[in-house]
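All remarks here apply to the structure that follows.
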Amino acid sequence: MAPKVVDRRNTMPQLQAKSLEMRTPQATKTAVLVIGGAEDKVHGREILRTFFGRAGASKAYITIIPSASREPAIIGGRYIRIFEEMGAEKVEILDIREREQCESSQVRASLEACSGVFLTGGDQLRLCGVLSDTPVMEIIRQRVRGGQLTLAGTSAGAAVMGHHMIAGGGSGETPNRSLVDMATGLGLIPEVIVDQHFHNRNRMGRLISAVAAHPDRLGIGIDEDTCAVFERDGWLQVLGKGSVTIVDPTELTHTNEPHVGANEPLTVHNLRLHILSYGDRFHLYQRTVLPAVHRISS
C-alpha cells in the first residue's frame, strides 16, 4: 500500500493564520480612539460605531466635548444625532468654553458618570487652553487609566493626545525646524506625538521634524477617516479607510536638529518607519508589529 502523501501547500496559510490568531491581542473593554479627522458620519460609520460599542452600545452614556470648535452647539448637535440614531442610552454636550466651567459640580458629575467622552475637531490650542490642568481633565485622565471610560478624539481632538503636541505648521516641505509649531498637549497618551489629516495634507515632513525635536517620543500620523485604537494593554490597532504612519526614533543615531537654523534641512539618521492599514497592529512599548489576520492568503 502506497504511503499517504500530505500536500502541505494548502495547509500552510491556514497554519500561519492560526498561529497569528493565537498571538493576536484581544480587544480590551475600554480604549482610546485617535481619529485622523473627516471620519464617516453618513454611511457605515465604522469608526464612530466602534467608539459607540466600546462606550457600552445600547447602554452607552456619551458625553461630547466640542470645546475645540468655534461652533460647538452645531458640531456637538451633529454627533448627538449620530449616537442617538445608533441607540445610545444617553448623549449630552458639555459646552465648555471657559476654564471656570471646568469647576462646575454638574460638569464633573457628568464626567464621573458617563461611559464615553468624544472630543471633536477644531483648534487644538483652544481645546488645550480650556481643558488642561483642570478638574475635568483630571477626571477624564483617571477614568481612562482605570479602564472606566472610552475616550475618542478626532482631528484637533486627536492632536491633543500626546504630551508634546503639534499645534500647527506647514505641509509638503523638506523637514526643518520651522515646519512645525509645538505646544503642550493634554498628555493622555504621553508617549506619542500625533498628526492628523496626515497623507491627505502631506504632513510627513512636519511629523519627522517634530520627532527630530523630541526623539524620545513616537510619531503617529493618522489619515482621514482612519483611527488608531489604543488598547489598555499597549496595542494599537488600525481601523478605517486610510493608513496610520509610525515614525519610530528608538534607534536614532544622529540628528542635526539642535544645531541648525530654523529653515535649514534636517538630518535624521536611522529612523524606523511603519505604514499600517486596516487591522494591522503595533505595540506601543515593545515596538512589535502584527499584520491583519485576513491579509494571510493562499
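Glycine too: its Cβ is placed from the backbone N, Cα and C atoms.
Annotation comment: Swiss-Prot describes SER155, GLU173, HIS197 as active site, charge relay system, evidence class similarity to another entry.
Distribution of Swiss-Prot features across the structure.
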residue: SER155; record: active site, charge relay system; Cβ neighbours (10 Å): 23
residue: GLU173; record: active site, charge relay system; Cβ neighbours (10 Å): 16
residue: HIS197; record: active site, charge relay system; Cβ neighbours (10 Å): 22
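GLU173 (active site, charge relay system) is 21 Å away from SER155 (active site, charge relay system) when you measure Cα to Cα. A separation of roughly 16 Å, to the nearest angstrom, links the Cα atoms of HIS197 (active site, charge relay system) and GLU173 (active site, charge relay system).
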